[in-house]
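Lifted from TrEMBL, the feature list:
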TRANSMEM  B:6-29  transmembrane segment
TRANSMEM  B:36-55  transmembrane segment
TRANSMEM  B:61-83  transmembrane segment
TRANSMEM  B:95-113  transmembrane segment
TRANSMEM  B:119-137  transmembrane segment
TRANSMEM  B:149-172  transmembrane segment
TRANSMEM  B:192-216  transmembrane segment
TRANSMEM  B:248-271  transmembrane segment
TRANSMEM  B:283-306  transmembrane segment
Amino acid sequence: MTRLHIQFAAAAAVLCLAVAPFVLSPFSITLMNYIGIYSLVAIGLALLTGVGGIVSFGQAAFVGVAAYATAWVSALNGHSPWLGLLFGVALTCGVATILGLVTLRLQGHFLSLSTVAWGLAIGFLFGNVEGLGRFNGISSIPPISLGSLALVSSKQIYFLIWGIVTVILFLGYNVLDSRLGRAMRALRGGNTLVESLGINAFRIKLVTFVIAAFLASLSGWLYAHMSRFISPGPFDAGMGIEYLMMSMVGGAGSLLGGVVGAAVVTLLKNSVQDYLPLIAKGASGQLEIVAFSALFILFLQWARQGIVPFVARSLPKTRRARPQPAPPLPRRAQLAPGELLLKVDGAERRFGGLVAVNNVSFEVRSGEILAVIGPNGAGKSTMFNCLTGALRVNKGDIVFAGRPITREAQSRIAKAGIARTFQHVKLRPRMSLLENVMLGTYARTRAGLFAGAFRVNRREEASVRHEALMQLERVGLGEKPFELAGNLPLGNQRILEIARALAADPTLLVLDEPAAGLRRQEKLRLAELLRSLRADHLTILIVEHDMEFVMSLVDRIVVLDFGSKLCEGAPAAIRSDERVQEAYLGGVA
Amino acid sequence: MTSDIAAILAIDGIATGAVYALVAIGTVLIFTVTRVIFIPFGDIAAFTALTLAALDAKRFPGTGALVVILACLATLIEITSLARSGELRLLPRALSFYLLLPLAVVGAAWLVMRMDPPLAVRLVLALMLTMPISPLLDRIVFRPIADGTVLLLLTVSVALHFALVGLGLLFFGPEGVRTEPLTSFSTVFAGVLISGQTLLIVIAALVFSGLLFLFFDFTLVGKSLRATAVNRTGSRLMGIRPERAGTIAYLLGSLMAGVSGILIAPVNTVFYDSGFLIGLKAFVGAIVGGMTSYPGAAIGAVGVGILESFASFESSALKDVIVFSLLIPILIWRSLASLHSEEEIEE
């Protein structure tokens, strides 16, 4: 498949949608309208849950906020539905921003539980607030009008609904393929990874959360003016889980999956309503929810991936052109070789009563390779985490390129020019090699949400793609840039991480046990790569366990033992130092 | 608000809170042993109340049919999985546990009911009838995905709750029930009237949490449950079957939920869908205890009860809004208080 095929398929789908209302029965059109309205919410959830990994049970509440807002503006106060749209979107996004600011720092299931909480709380509000019709709801909501044409019939509003869905899908895919979208897709890799790339994880989560709420508000607005009547029912917790189900059935993480999921669930529900009464007379209402939940549970047990990813796997692979040369991205000013780059002064880190790093001082000079070594439990990893901002030191100072970074957040340290790799490789296995390396350029580029959505970021994207390819070629992985990162053997995954770090144009490259778990040949390749990077005047700090690997490679070594610095010097001097031998071998008496 | 009203509200809140506490302790028990946040516990509580009401009215409760259906399903699934792993020699045991035992319980209840038993026996019958539900659901719903993420288990658990609400309506009908008070005793303490029912609720909560404590600290089975909670793989290596520990946890949890249902039925009218709010409020309490501490969960649940009592005095319409809004600051506090290891979501 090529890009042309995909564009052709998309055009055909849009054409089918445009012709559909002239072919379908009025009932089917109404069904299609509901599918479109639900799709919007499900697309938002695909972004939030599938891409960003934030499971939300509360989207129905956002739909409700917008629906009630527009109903209040148009039905109760007699203004135009378009003003209702404005008010609904603003109110929903405002509520989402506040909720997001408060809850998005929560971790794992705590975050999802908080969505249950506010979903319920907002849901209860609709039925209990004076002036919103309580449980009777609000009726006689005016239709949306375009100029003098009121969109009363289901055929008329069909075009508005599906027009919006099409545009949203188009913009959504643009965003996913942009700088912001890559950051969103990285969220599932965990905060440490995201922050190490200079990305403010909280901000990306908040943006994703508000986008999902925005889509829900569009859906709420359309719902209110299509059904012309609203009550608390369609916005309760049950509907919240139904939306979640739609996005998961379609394939969490796939925007198109949102539409497919909404269609499958709506049609299924419709046929359940049709056929259940035949099986069990008089019990259809109760059985509907039972059948429905049972199907969802079965789905979660057996086919978590969803429909769209399943189908996509059986399609031929998309062939993509290699990135073309493009103007280079701006580079950081590098220090002259030999200048002081990093100064750690009296660093101390405690965990309760345990002093993991005790009064450690050392310096890194521009252009050298320095290794921090030590036996198990020497405090190497803690030292490493303090350097990269994953942990804070309790005492002491860390100055990087003349700038104190002792109390800086991880992402800001990354932005300042320290790029890192991980002992346990952290890549995005479902993203291509190229995209993984492109993630590294995040801090060097600027394109935001709207630039990504409307593709005004093309020039920057071209540079980013080319830069990523160059870094892949630099480390020797340039042959198959569109291979998925998860398919690489461990040795190459380590090297891919280095390419990603290089794409950030770092002043200092810090490697956390890069040789751990590698075979001998892989180690040799890695050492060769690091030497070639030194030849390019890159400064490298290695935290390592493997003595052989370190001795042949680095300029200077700092030895830690029991949290304190034992000694410091050239490899040969360290090798013959008695204290080091004692620490490693337990004495040479 | 005068101090009299405050005292009445506080006592009312403590009673409600004690009911939530029983469910909360069950929730913590299940979560620590199986990592499932079992939202449907509230439903179990409501089902027990409805079962008792049906027994009081000399009708055989819908619970019987529900248990039979679930037992058949669970047996079918167990047989399939045994056949797949080629362990059909375990079949008799599976049949007796998943099919015969639940059927025997239902059959016994049916027989005893014919004899027009006294209240005490009816209470036992109601508890017996609802106890098999959650272990059977565990086998049907959670066992196939036991190694999934907490989030997946939570999603399934929420879906399961909705299925149970539908089943509740099917088997118990839409009418609410309020059972006879278990005692007509009442006393005046410090100028405030305290009903026997309130005392009973508080005492039951204390007794059952005490029993649970003894069970965990002084029996081998209890210790094996604690071991499973700490480390599934490790305890498996020590010869503890996590599945069995899970079943025991579900049985115990159901018992506590059932007792709370029986205690609340004379105080509040219970509908087929009342369980959700009971379960969620208990759950708020459980979160106060960080989902791991039993005393913490109990204290949290009592706190929720008191808060709800005062909130409903201020604004009865918004009491649930207040309770659930409160969950967010609690969640933030807990999330900050517990040190998380980097949690990576599987794709």
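Yeah, the Cβs are placed from backbone N, Cα and C, and that goes for glycine too.
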* Asked: Under a Cβ pair cut-off of under 8 Å, which of the recorded stretches B:36-55, B:149-172, B:283-306 contacts the transmembrane segment (B:192-216) most often?
  -> B:283-306
* To do: Answer yes if the transmembrane segment (B:149-172) and the transmembrane segment (B:95-113) have at least three CB pairs under 8 Å among residue pairs 6 or more apart in sequence, and no otherwise.
  => no
* Structure fact -> Among B:36-55, B:119-137, B:283-306, the stretch with the most Cβ pairs under 8 Å to the transmembrane segment (B:61-83) is B:119-137
* Asked: Counting only pairs at least 6 apart in sequence, do the transmembrane segment (B:119-137) and the transmembrane segment (B:36-55) share 3+ Cβ pairs under 8 Å?
  -> yes
* **For the transmembrane segment (B:6-29): best-contacting stretch of B:36-55, B:95-113, B:248-271, B:283-306, by Cβ pairs under 8 Å** => B:283-306
* Who are the long-range neighbours of the transmembrane segment (B:283-306) in its own chain, taking Cβ under 8 Å and residues 6 or more past its ends? -> 9-10, 13-21, 23-25, 27-29, 31-32, 37, 39, 205, 209, 212-213, 323-324, 326-327, 330-331, 334, 337-338
